[in-house]
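As recorded in TrEMBL:
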- 2-72: domain 'TANGO6 N-terminal' (DOMAIN)
- 73-339: domain 'TANGO6 HEAT repeat' (DOMAIN)
- 518-584: region 'Disordered' (REGION)
- 576-683: domain 'RNA polymerase II assembly factor Rtp1 C-terminal' (DOMAIN)
- 737-769: domain 'RNA polymerase II assembly factor Rtp1 C-terminal' (DOMAIN)
Amino acid sequence: MQGLTEEEQSSCKEALQGLLDKVYQPLVVRELLLLQGGPKQASCPSQQKKEPCMAPAPAWLQRLCGHLLSGRLLRPGGVQAVIRGILEGAGAGTVGGSSAEAAAADWQKCEAVAKILSSCPQQSLSLEDYCQQICPQILQLFLIQDKLMMCQFHRVATATVLAMARQHPQQAEKHLLRPLLEPLLRCLREPGDVPAGAVLVEEELLSGCVETVYKVCVVGKEPSPCLLGALQPALGAIFSLWCFTKQNVSFLRTPCQEILLWFLEKSERRASLAALEGLAELRGSPRLPHPHCRFQVGSGGGVAATIKEAVSDEDEALYQKLSSEQWQLEQLADLLSCCRRGSLAGDFFLGCLKELTQVASEEDPAPPSQGPALDLELLCHPTLPQQMRQLQVLRVVALLTEAISDSLLTDVRQVVDFVAATLQRACAGLSRGSVGPVESQTLSMAMGLGAAMLGGALELESEDFASLKQLVPLLEELSRLHPEPSIQELAADLSISICTHRAFSTGALCAAAGRALGRRKGGPADQGSAVASTGTPDGTPRAGPAPPQEPPRSCSGEPQGMDRESSAPCDPQDPLQELLSGAYSPDVPTRAAALRRLSRMAEQRDPAALKTWEKLLKVFVENLEHEDSFVYLSAIQGVAQLSEASPRGTLPCLLAQYAGAPKVETRMKAGEALLRTTRALGDRVFQHRDSLIHAFLRGVRDPDCSLRASSLSNLGELCQILGFQLGSVVHEVLRDVLLDLYRLLKFVGRCEQDEVTVLHAQLALEELDGLLRPLLFPPQTLQKKIEILP
């Protein structure tokens, strides 16, 4: 602008500014980028492709174009203009054309745009002022629902949020993450004077918030501390929303679950455990939604938050509260079972046990001093908060033990922590002089588990013994305080065995290990046995996988060839005979473990087991009459495995049991065993087809309704296994009852009061009508015939 007066320069600047304001802004951005020129020749990647590279512009022109581009960006709607100008410049068309598809797949271009947006220009007053202008526009990009533009804008917005959280965490949390999570955080606050039934958060706003969080966190795959810290307060709302979607149909179920799993897997272990404690209502953060807030299904498949109407009946309100808490705890256990972070469930379980130990060791609070502001309920029941906390911890421990017991204790460290927590709780109770039956059983289970570890159930390393040494002071205190001599002796033996690294063990320790592993005193360590209180249905100890087949070890865990002056060896016996004897043990876990092991031997075609298949069949059939589900299900599985190996000898016995057993429950169990046998036989079941069908048909006409329902279910599944190749059976039944069936359905449709029954009757009539009408009234078709006259 040399040679121009100041007035002319000012006039040119105003004209240029007016031109830039009137032209389509993405076009202005693209032209300014072209005026800036290309990169330096040395860094031009197009040289490798033998293509001409754009020459760089002069430095003064680059500075001027950069200044003008910053001005375009800081204008209202400038973020979209910059994004459109850069992405539309990727090809020949506008956003959404063929060039837009190529730009959407170009992550580097989106990352470059995000880098531009996350960098504060020099002409901005401050970083805070820049974020106040840009961040609301970035959040607006997530609201774009146009299919042609949504992919590119959402990708750029996600990359920008992640870049801002990485470079400017404080500003990102204040101007991006808090407004982003505001619909979820609104569910946690006191609603104020909002009337009942009013909408607290609209469906579109809440659903869009969850989808945006899912894109930023899960799809973005960049767990920065800023992002994790900002998401932590909103976890309670996301968890409650996920629990609600598990009871209803909503597209938000999967995004909520993925967000929760992402936080638990990407956060530090301490933060993950704190979040789990908050979701289980064991601590104050993260908080669950306010009691007056409730979710309801929206018309678009999402969820809206409304104000809950007050329930006048106190009993009904209490029932709703308890059922909601129980459902949320069950879903928390389900969430932990889906978590891919190893040992997190076990650490949470151990934390709850330690919390229980801490509650048990606390002294009763002193009565509150008199005063006018005392709470009446607290004055009458000073231990109420402690009892409520203890009950909640007990609920969590019981539910975790029942729901995900197989994944709780997965390594030696967790087993040691579990034993330590149990011993601490027992010592705390003994010091106060109060030990209940539950505490005694838990103590016996923990000491048996410790004896099993030291007896060779697990392969222990040197670092494992270092962690085991923390049990020595507790065992010594237990041997001094416990009133029972057997517990005192076992605690002392465990302490000595730990200190000597299993070089010393006594008969009491061997017996405890044998009971814990589900075997008789002095028997060999059988890999199929399970810990009585920690066993799993497949007979594998929960503390870890069963050791490989190896020569029998002594109770101290040392090989047989070592000196055993202080170790009592176990007398070798026939494993099969021992398992057959264990199948009649009065101890339920021992009997179930023996049946599981026998079933596994039949599945593996063990020669010794197949030689005595008649004895095995007798054992399995007799155990069908046991009342415990763990036992008779193991027996059913064993019968199915044995039937696959020898169907001709097994099926007649099962059919006789199904037809002539005195108890209905035994006949139903025999029917389940027959059904599993048919599944195991596969194509070989056709030679036994008639006998199975006749047995189930006789069961369908039994006077007992439970057996009729079971037989009908078995008959339907048998038809499916046979591929509906039933011969003449189907035709005989349909020919005899088709007319009566049609009349019965018509009668039900006219006279039945239940709407569901009437609906099913109408559906059945329509199905019969659709099948029979083409046969009774074949459609007339026009056919062209050509006849040749003689």
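Cβ from N, Cα, C; glycine included.
In TrEMBL, annotation is done automatically, which means it is predicted and not curated.
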Non-local residues, at least 6 beyond the ends, that sit with Cβ under 8 Å of the domain 'RNA polymerase II assembly factor Rtp1 C-terminal' (737-769): none
Summary of DSSP states over the domain 'RNA polymerase II assembly factor Rtp1 C-terminal' (737-769), given as helix, strand and coil counts: 30 helix, 0 strand, 3 coil
Helix, strand and coil counts within the domain 'RNA polymerase II assembly factor Rtp1 C-terminal' (576-683) (DSSP): 90 helix, 0 strand, 18 coil
